[in-house]
Amino acid sequence: MADSQDIEKGSSGSLFQPFIRKDERQRNSDYNGSLFMVLVSTFVAVMGSFEFGSSIGYSSPTQQAITEELGMSSQQFSVFGSILTIGAMVGSISCGRAADLLGRKGTMKMSSIISIAGWLIIYLSLGPLALDFGRFLTGYGIGVNSYVVPVYIAEITPTNLRGALLIVHQVAIASGLLVAYTVGAFVSWRTVALTGMIPCAVMILGLYFIPESPRWLAMVGCQDDFIDQLHKLRGDSADVTKEAAEIQDSLVTLHSLPKATVLDLFRKRNLHLVVIGVGLMVFQQFSGYNGVVYYANQIFTSAGVPPNVGSILYACLQIIVLSLGAVIIDRVGRRPLLMISASGMLLGSLLTGASFYFKEHQLASDWGPMFTIIGIMIYMGSYCLGLGGIPWIVMSEPGNIGQLGWYLGCFLHFQLSHELDLIRFCGAAIVFIFKLVPETKGRTLEEIQAYLCCSIQ
């Protein structure tokens, strides 16, 4: 592992450039034959991400049926939709402490149990109050998962696959969204609530068969379990001595730093780290994605496309683009994909805006709907390629101050999800990414942490 002195002398290079050491390439090659448990563990963990997408997508296809059966007004249903965000904010605040006390697996189990309780209450609801309480619980569950799932995946995954497997987190969210839209088009709203329990049940069952995060076990002093779980992930015959030493060294470095507090987030020496994490989340929200999702039915209706078809179409597009991103992210790097993503979102927003301008002024009216569809698809595809998933990857890579920055970033992710989105934020995101966001492709978590620790001293 490169220590602080090596980094200060420049031997590890700048994090704005991708970097893979020869010994790291060799170690990754040695692990390629023992990835089964890593993949299984990732699959179990992203059931929480699938639940995230199911929860977000639940309200759109069920709105009419719920309001008619329970006699709810549009304002009451608006509260029902928005209270998910409130629950997620509460979950994002408490998730870090829970993950440190209960472990990554324990926290995922807790979030699944709470989400199941929420779905069950929604299924049995006879009025708005119970409906809102169930929605709040599912929101709390996805708020917790928004932190613990990417962190767990980052901590169990070899460096050469970390970016790709973390993108699977976002693919699973899009898949949950697609399933919610598709199932909601054919069955009752209560049945859709029951299907929301399935990924939670799969996660709870799967957690009994996958290892705990070795990094967390080392952090809490369980040395024997730490080595044992590392062998489960890398293979019984794999030599994990070097990786175990790097994890231990990184934790020693981390523990040697003063304990971070909320006030430390705003100290001058830490602002760069906080600005990267929080800034990416702010641009992720202010770039307009949630506005497009929440009003997709109206947008597609205005373009002459059946809303259910349009919703399913863009949900499918998300999965395709995210899968492509998972394949190329560890080859291309984080920064280039973020730049392409922000640029494509800007183009898509301009095309969509132009289509409505043409419609309003009766210019090229025959092409207006086509511009709308093309603009939305470019926008959604570009978001999924970069800004949709990569901020979660960057924020899952550790650091003392970075952990508190993660909590703040997750909180702002949900807090800002209903705010006004403007085209100019796509342009601002391009400048922000180019100037401030470092490249972490090919870096071990320990190298990133050492660089960050060195940079704030």
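Each residue, glycine too, has its Cβ placed from N, Cα and C.
A quick note: this is a predicted structure, and the numbers were derived from the prediction, not measured.
Per TrEMBL, the feature transmembrane segment maps to 31-50 (among others).
The domain 'Major facilitator superfamily (MFS) profile' annotation in TrEMBL covers 41-457.
The transmembrane segment feature in TrEMBL is assigned to 77-99 (among others).
Summarising the annotation, TrEMBL assigns transmembrane segment to 111-131 (among others).
The feature transmembrane segment is assigned by TrEMBL to 137-154 (among others).
What TrEMBL records for 166-186 (among others) is transmembrane segment.
What TrEMBL lists as transmembrane segment is 192-210 (among others).
Residues annotated as transmembrane segment in TrEMBL: 271-289 (among others).
Listed as Cβ neighbours of the transmembrane segment (309-329) (distance under 8 Å, sequence separation of 6 or more from its ends, same chain) are residues 57, 60-61, 163-165, 167-168, 170-171, 174-175, 177-178, 181-182, 185, 296-297, 299-300, 303, 337, 373, 376-377, 380-381, 384-386, 388-390, 393, 441. If you look up TrEMBL, you'll see 309-329 (among others) marked as transmembrane segment.
Marked as transmembrane segment by TrEMBL: 336-358 (among others).
Under the heading transmembrane segment, TrEMBL lists 370-394 (among others).
Long-range Cβ contacts of the transmembrane segment (166-186) within its own chain (Cβ-Cβ under 8 Å, at least 6 residues beyond either end) map to 42, 45-47, 49-58, 60-62, 149-150, 153-154, 157, 192, 195-196, 199, 308, 311-312, 315-316, 318-319, 322-323, 325-326, 329, 384, 388-389, 392-393, 396. Here the transmembrane segment (137-154) has Cβ contacts under 8 Å with residues 41-42, 45-46, 48-49, 51-52, 55-56, 83-96, 98-99, 104-105, 107-108, 110-112, 114-115, 117-119, 121-122, 162, 165-166, 168-169, 196, 200, 213, 392-393, 395-398, 406-407, 410, 413-414, 445 of the same chain, all six or more residues outside its ends. In this chain, the transmembrane segment (336-358) lies in contact with the transmembrane segment (271-289); the count of Cβ pairs under 8 Å, excluding pairs fewer than 6 apart in sequence, is at least 3. In this chain, the transmembrane segment (370-394) lies in contact with the transmembrane segment (336-358); the count of Cβ pairs under 8 Å, excluding pairs fewer than 6 apart in sequence, is at least 3. In this chain, the transmembrane segment (111-131) touches the transmembrane segment (192-210); three or more CB pairs sit within less than 8 A of each other, excluding pairs fewer than 6 residues apart.
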